[in-house]
Amino acid sequence: MANTDAFFSRPLAETDPDIFGAIEKELGRQRHEIELIASENIVSRAVLEAQGSIMTNKYAEGYPGKRYYGGCQFVDIAEELAIERAKKLFGVNFANVQPNSGSQMNQAVFLALLQPGDTFMGLDLNSGGHLTHGSPVNMSGKWFNVVSYGVRQDDNLLDMDAVAESARKHKPKLIIAGGTAYSRIWDWKRFREIADEVGAYLMVDMAHIAGLVAGNQHPSPFPHCHVATTTTHKSLRGPRGGMILTNDEDLAKKFNSAVFPGLQGGPLMHVIAAKAVAFGEALQPEFQDYAAQVVKNAKALSETLVKGGLDIVSGGTDNHLMLVDLRKKNATGKRAEAALGRAYVTCNKNGIPFDPEKPFVTSGVRLGTPAGTTRGFKEAEFIEIGNLIVEVLDGLKVANSDEGNSAVEASVRDKVIGLTGRFPMYPYL
């Protein structure tokens with residue numbers, strides 16, 4: 001009995017101090033550093049509680065009301081709430097909330113709509129696409145005939161005429177619109193016109209901008225697309241996971257079958273419960289304000305960096321992210337990411353269109369505002385952050401080495417700690 005009592009009551013700090021210590025260190029990092037990775041965000045306490053709940057104990061293969069296990073009546077409530085809230089949030093008729101990740105949601109669409117060897121079109125990785133949009137190192141690029149489209153070299157904007165021409169030539173079965181590092185508004189209507197002309201399905205991967213769509217800061221892909229996929233973290237501010245949305249009942253059945261039993265077994269019910277919580281939060285009026293502030297902050301950061309002597313790919317941003325071309329500062333993405341990290345500013349190196357550097361080096365970094373906006377940062381803070389970034393990069397240019405400029409980085413680090421200290425997170429932890 002004593003062993004059972006300990007199993008159910010002994011806290012993590014006692015059971016596994018190594019993991020507890022790692023979590024505590026990560027909490028400290030998140031509290032004290034500025035998070036600018038565009039695909040990351042900060043979830044609410046309510047989302048954390050749902051994801052860390054006893055729903056993790058339950059197996060629930062199948063869908064609500066049609067499970068292959070007994071005892072699912074309460075996890076069914078959670079999944080039904082997630083589905084209904086997702087449908088309301090994006091104004092659609094069908095939602096599958098079971099995909100465990102963004103890659104799996106996209107794979108499910110491929111499984112439902114394509115056969116190995118079929119042709120599809122997607123944004124080239126070097127132009128801001130995603131691995132699952134046809135990269136040769138990804139399953140999507142190995143199993144299918146991929147025709148990539150990209151941006152123009154002169155302005156780094158999507159070349160829609162070239163997309164149309166390529167579609168007419170290659171007759172894809174599926175066209176994917178959406179990306180991970182494109183900072184401008186997507187013309188869903190034009191993509192649908194191209195898809196209709198060649199008899200293709202239009203799939204929109206809005207993983208990065210779903211929160212902006214929900215917050216009325218970016219046009220919705222509906223009614224133009226046949227299917228939209230999105231992760232549930234990033235700008236949507238939920239737990240890590242994926243989701244598939246459509247208005248077509250026949251396609252919805254195919255997507256459901258593709259997710260289960262096609263790709264996954266038992267869904268992660270604790271994550272689905274957390275998705276439901278996040279969708280509920282996104283349905284509140286204050287989420288509209290949040291999404292608007294994300295975009296305002298991105299514009300403020302972008303403009304500050306330009307004033308500091310940096311180039312922004314495509315000349316600016318209309319959403320939550322920007323690609324920063326570092327070549328004017330004589331820096332690489334690899335070197336800049338490391339230097340900014342030492343100064344407690346977290347970002348990721350990222351290739352820019354037509355990048356002369358290798359993928360592990362790059363000529364750019366990608367920056368995003370969702371996490372900082374969640375903390376409460378507004379334009380004034382992002383102007384300050386932009387100036388700190390320029391300060392680090394100018395110091396790096398003077399040092400001209402991987403070691404960077406320790407004096408400048410230490411000074412900026414102190415300023416970052418002062419800034420983040422004014423915007424506490426998870427005070428109960």
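Quick reminder: no glycine exception, Cβ is built from N, Cα and C everywhere.
The number of other Cβ atoms within 10 Å of the Cβ belonging to Leu125 ((6S)-5,6,7,8-tetrahydrofolate binding site), over all protein chains shown, comes to 23. Residues annotated as (6S)-5,6,7,8-tetrahydrofolate binding site in Swiss-Prot: Leu125, Gly129, His130, Leu131.
Marked as N6-(pyridoxal phosphate)lysine by Swiss-Prot on the basis of sequence analysis: Lys234. Shown in sequence order, Ala38, Ser39, Glu40, Asn41, Ala207, His208, Ala210, Gly211, Pro370 are the residues of the chain, 6+ apart in sequence, with a C-beta less than 8 angstroms from the C-beta of Lys234 (N6-(pyridoxal phosphate)lysine).
For His233, the entry in Swiss-Prot reads site 'Plays an important role in substrate specificity'. Contacts of His233 (site 'Plays an important role in substrate specificity') defined by a Cβ separation under 8 A and a same-chain sequence distance of 6+ are given as Ser39, Glu40, Asn41, Val43, Pro239, Arg240, Gly241, in order along the sequence.
Listed in sequence order, Gly122, Leu123, Ser135, Ser148, Gly179, Thr180 are the same-chain residues at least 6 apart in sequence whose CB falls under 8 Å from the CB of Gly129 ((6S)-5,6,7,8-tetrahydrofolate binding site). Counting only same-chain residues at least 6 apart in sequence, those with a Cβ under 8 Å from the Cβ of Leu131 ((6S)-5,6,7,8-tetrahydrofolate binding site) are Ser103, Leu125, Val137, Asn138, Ser140. Those same-chain residues not listed among Leu125, Gly129, His130, Leu131 yet with C-beta within 8 angstroms of the centroid of the (6S)-5,6,7,8-tetrahydrofolate site C-beta atoms are Gly122, Leu123, Asp124, Thr132, His133, Gly134, Ser135, Asn138, Gly179, Thr180.
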